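Student: Below, the features straight out of Swiss-Prot:
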- ASP25, ASP27, ASP238: Mg(2+) binding site (BINDING)
- ASP25: active site, nucleophile (ACT_SITE)
- ASP27: active site, proton donor (ACT_SITE)
- SER58, ASN59, ASN60, HIS182, LYS213: substrate binding site (BINDING)
Amino acid sequence: MARCERLRGAALRDVLGRAQGVLFDCDGVLWNGERAVPGAPELLERLARAGKAALFVSNNSRRARPELALRFARLGFGGLRAEQLFSSALCAARLLRQRLPGPPDAPGAVFVLGGEGLRAELRAAGLRLAGDPSAGDGAAPRVRAVLVGYDEHFSFAKLREACAHLRDPECLLVATDRDPWHPLSDGSRTPGTGSLAAAVETASGRQALVVGKPSPYMFECITENFSIDPARTLMVGDRLETDILFGHRCGMTTVLTLTGVSRLEEAQAYLAAGQHDLVPHYYVESIADLTEGLED
């Protein structure tokens, strides 16, 4: 049972010694805004030298995989391959490739509520986008899925159009994630994809398929490409309701870092209330603290 214990000393060495790999969330874990968390790049280098696999799982749907890889490099995280990066945008593209209804000779289109990074990921997967000039001439393909991602230009008109498509019972409703809000550098909040998805669900009367954390579907995307034993894998994140719940659902050892959204007091409150799926096994002040558990 998870007890939210501080990870240090002999326990830290034991946990990292048994682990074959680590899954990291990105925002609030590796970096905040345009600044890497102090010591985070060095930790990843040490993990690589120790032969521990590191993979990265983000609910952020704003960047396609190549752009996300560039951000890692810009913030000082060198030596990583794009194949190590898994975003909710990438996983949404995979799900739509698998489940988009319609005959093979008449593939349907996806109506996207989201930015250019999400659209680029879908195009890279060979999907057609509603209203996309790149779809070519001729009759517009039938919309067979509505995808809700992070959309800074969300509007009533977009909501109305999404609902019109969803009147077709065969049209899928997919959301990249349910993060309700995101913190800003000034301490305020901005609405997240979860808020937009809730609006579409309420207005359409439909329930979205969610691909991002805490959905195990994201873990399925990872295990399609990497051989992972969840019992010997750590999930390190900053958000109890997404990262830690995701880790528990997938059978991993969970570690909360306090450099992001969730506070230690919240985890302790969940522990007192018996909501153990939201309680991390361990916590650290920063992921840089994990370096002490690795042998030179």
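Positions of Cβ are set from backbone N, Cα and C atoms, glycine also.
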Student: Select the closest residue to LYS213 (substrate binding site) from the following binding-site residues, measuring between CA atoms: ASP25, ASP27, ASP238.
Tutor: ASP25
Student: Just checking the binding-site residues SER58, ASN59, HIS182: which sit within 10 A of ASP25 (Mg(2+) binding site), CA to CA?
Tutor: SER58, ASN59
Student: Name the secondary structure element type, per DSSP in three states, that contains LYS213 (substrate binding site).
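Tutor: Going by the DSSP assignment, LYS213 (substrate binding site) belongs to neither helix nor strand, so it counts as coil.
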Student: Can you tell me the three-state DSSP label for ASP238 (Mg(2+) binding site)?
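Tutor: Going by the DSSP assignment, ASP238 (Mg(2+) binding site) belongs to neither helix nor strand, so it counts as coil.
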Student: For ASP27 (Mg(2+) binding site), what is the tally of other C-beta atoms lying within 10 angstroms of its C-beta?
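Tutor: By my count, 19.
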Student: Using DSSP reduced to three states, classify ASP25 (Mg(2+) binding site) as helix, strand or coil.
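Tutor: Assignment for ASP25 (Mg(2+) binding site) reads coil.
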Student: Using the Cβ centroid of ASP25, ASP27, ASP238 as the reference point for the Mg(2+) site, which residues of the same chain not in that list have Cβ within 8 Å?
Tutor: CYS26, GLY28, VAL29, LEU30, SER58, GLY237, ARG239, ASP243, THR257, GLY260, VAL261
Student: Any same-chain residues 6+ apart from SER58 (substrate binding site) with CB under 8 Å of its CB? Would you list them in sequence order, or say none?
Tutor: ASP25, CYS26, ASP27, LEU68, LEU85, PHE86, SER87, SER88
Student: What Cα-Cα separation, expressed in whole Å, is found between ASN60 (substrate binding site) and ASP238 (Mg(2+) binding site)?
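Tutor: Counting only the Cα atoms, the answer is 14 Å.
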Student: Roughly how many angstrom lie between the C-alpha atoms of HIS182 (substrate binding site) and ASP238 (Mg(2+) binding site)?
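Tutor: HIS182 (substrate binding site) to ASP238 (Mg(2+) binding site), Cα-Cα distance: 12 Å.
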